[in-house]
Amino acid sequence: MNQEELEKCIDAAQNSQQYAHCPYSHFRIGAALLTSCGKIFTGVNVENSSYGLTICAERTAYTKAVSEGYKSFKGIVVASDLKDRFITPCGACRQFGVEFGDFEVVCVKPDRSTFKSSTHKLLPGLFSQEDLIAKAEQDERECKAQN
């Protein structure tokens with residue numbers, strides 16, 4: 001993301017926090033996902049009394065984008081209200097993000113200070129489509145060897 005895109009995404013992520021549904025944790029998270037063609041999709045965390053049904057802000061943004069046909073991303077910005085530390089995506093959101101490639105992940109505090117990383121750096125040893133392709137190719141080779 002260039003600086004102008006980053007600033008727009010920070011604005012969008014921080015502004016979206018007001019819509020978070022977090023009656024249990026009171027921990028508002030906003031996300032802004034930038035597509036390769038410059039469109040921004042926002043997301044917020046949506047909690048549920050059955051905690052396992054809660055969805056994070058990042059996955060909300062990803063599903064909004066994908067449901068409208070976007071699958072190529074430049075970056076995602078994740079905003080929280082914590083002043084003393086950066087909040088990074090949870091493990092599920094990290095795995096969800098790498099499905100769409102290696103792109104920038106920016107975590108932002110209320111004062112707009114940032115921590116920058118990438119989907120691949122945040123999930124070392126990641127499991128991806130390449131692993132599934134490698135397994136299919138291995139199975140095909142083994143099948144041919146048996147015939």
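Along the chain as shown, the residues are counted starting at 1.
Glycine is treated like the rest: Cβ placed from N, Cα and C.
Among the candidates Cys56, Cys107, the residue that Swiss-Prot names alongside Cys90, Cys93 for the Zn(2+) site is Cys56.
The binding-site residues listed here (Val46, Asn48, Ser49, Ser50) include Val46 as those with a Cα within 10 A of the Cα of Cys56 (Zn(2+) binding site). Neighbour counts of Cβ atoms within 10 Å were compared for the binding-site residues Asn45, Asn48, Ser49, Ser50, and the top value is held by Asn45.
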